[in-house]
Amino acid sequence: MDLRHEHRLMWGLLECLGFVGILFGWALLVFVFKTEHYFEELCEPNARLTVNTTLMGNATGQSDCKSQDEKFSLIFTLASFVNNFMTFPIGYNFDCFKTTIAHLIAIFLYTTATLTIAFTSAESALLLFLAVPMLTVRGILFLITNLQVGNLFGKHRSTIITLYNGAFDSSSAVFLVIQLLYEQGISLRASFLFFSVFSVWHVGRTFLLLPRGDFCFHSLCSGRDSREEEKKTVESKEPLHCCSPSSSTFLIPDPGQQKELHSFWSYAFSRRFAWHLMWLSMMQLWHYIFIGTLNSLLTTLSKGTMYVAGLGVSIYTNAFAITQFFGVLCVPWNDLLMDLLKQRYQKKASKTGFSASAVALCSTVSSLALMSLLCLGFALCVSVPVLPLQYVTFILQVISRSFLYVGNAAFLTLHFGKIFGLVMALSAIVSLLQFPIFTFIKGPLQNDPFYVNVMLVLVTLLTFMHPFRVYRRCQRKEGPPAIA
């Protein structure tokens with residue numbers, strides 16, 4: 001293995017771990033923003049931040065202000081929408097930008113966003129509506145360009161891409177560092193100025209470790225499995241079709257496999273696609289609502305406990321961030337489960353007459369069902385208004401989210417790269433519901449999410465229909481599953 005490839009892998013992993021998915025540590029940054037009085041002018045006088053006390057160290061009490069929380073929820077809603085929706089156009093047009101240009105665009109967005117947040121104050125807090133979505137878009141670009149490194153490792157490509165996706169989940173713990181530094185007296189401005197300095201490292205890595213064109217193997221793109229070509233890197237000037245923003249999604253099948261694939265639009269309008277979209281959208285909505293409203297939830301649950309509100313929020317958001325860091329360890333287990341099931345179905349393929357695509361489809365059933373079960377457990381725990389129970393919620397949430405996107409990509413690998421982008425874009429539109437749901441809880445429901453939680457739990461139960469339908473299709477043993 002070329003030593004340079006190993007350097008690309010290591011530095012790419014560090015980039016994903018430290019800079020790509022930090023948006024999902026949003027609750028930790030909200031804690032700092034509230035302490036800095038962002039959007040506090042929207043609060044009623046009696047709801048403003050008034051408590052400054054010391055309990056087991058310095059802690060700043062935080063009030064529960066509806067209008068302030070709505071602003072932070074709206075920022076996260078916009079950023080999470082951009083995170084998913086932009087996957088489609090960015091992935092589709094990645095060939096036009098090439099790796100170097102795409103990475104430089106990401107660095108520009110990263111530098112602009114970090115400097116904007118650094119020089120934002122309570123008086124100019126509206127700039128967060130620009131800066132946070134910019135952080136999200138550059139994260140997608142960083143991820144897509146780094147996932148190309150997987151193509152340098154031949155048969156280990158899927159493992160590398162899975163590792164990078166896990167690093168994406170774990171990077172949400174970065175905001176924990178900012179919060180801890182802030183509690184030790186390091187200002188928010190100083191932290192983000194320090195982060196902006198990393199642009200120099202990003203630029204150096206772009207020109208020293210990334211190719212001017214694309215990472216791609218002839219064996220990978222053509223469908224051949226040559227050991228010699230696994231050792232050979234081709235920096236092609238042709239548009240790249242085999243590289244993907246998610247594991248194995250954009251692989252070009254050989255002619256035999258192409259005959260088994262349905263056309264893009266026939267699949268996009270099929271019932272299986274609709275069920276999968278519902279499955280992904282509902283569970284993703286749960287996660288976005290939870291992350292976007294976590295600070296408000298913890299503030300509410302801290303009332304009447306032994307904690308001063310701010311201290312309770314700080315302790316639990318720190319615990320949330322620590323569990324997020326272990327997301328990189330959760331991701332491979334889902335791949336392992338599907339690989340074991342695929343081997344089992346392959347042994348039966350000669351007897352059942354299943355094609356390769358049918359075997360791959362059937363191997364996703366247990367994974368789809370497990371993700372629905374994990375999300376249901378997470379949903380039930382977060383619905384119980386008991387503060388210590390949220391530790392269990394955090395664990396189930398990080399496992400569920402880590403499995404969700406890998407499982408989604410694995411299922412859609414059976415079809416087309418554009419299908420993956422379409423699913424992410426449509427699920428992004430559904431994710432916009434998080435803001436009206438949050439407003440409904442804060443307004444008519446008077447900060448009591450019980451009825452909304454019950455409704456979402458029932459919807460989560462509905463997601464079990466998707467793996468059940470796939471299972472029924474596999475049981476028919478009719479060869480390649482038709483569109484259903």
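Glycine is treated like the rest: Cβ placed from N, Cα and C.
Listed features, source TrEMBL:
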- 12-33: transmembrane segment (TRANSMEM)
- 72-94: transmembrane segment (TRANSMEM)
- 101-119: transmembrane segment (TRANSMEM)
- 125-149: transmembrane segment (TRANSMEM)
- 161-182: transmembrane segment (TRANSMEM)
- 188-210: transmembrane segment (TRANSMEM)
- 273-294: transmembrane segment (TRANSMEM)
- 306-333: transmembrane segment (TRANSMEM)
- 354-379: transmembrane segment (TRANSMEM)
- 391-412: transmembrane segment (TRANSMEM)
- 419-438: transmembrane segment (TRANSMEM)
- 450-468: transmembrane segment (TRANSMEM)
Among 125-149, 391-412, 450-468, stretch most in contact with the transmembrane segment (354-379) (C-beta, under 8 angstroms): 391-412
Among the ranges 188-210, 391-412, 419-438, the one whose Cβ pairs under 8 Å to the transmembrane segment (72-94) are most numerous: 419-438
Top Cβ-contact partner of the transmembrane segment (391-412) among 12-33, 125-149, 161-182, 450-468 (pairs under 8 Å): 161-182
The transmembrane segment (188-210) touching the transmembrane segment (12-33) per 3+ Cβ pairs under 8 Å rule: yes
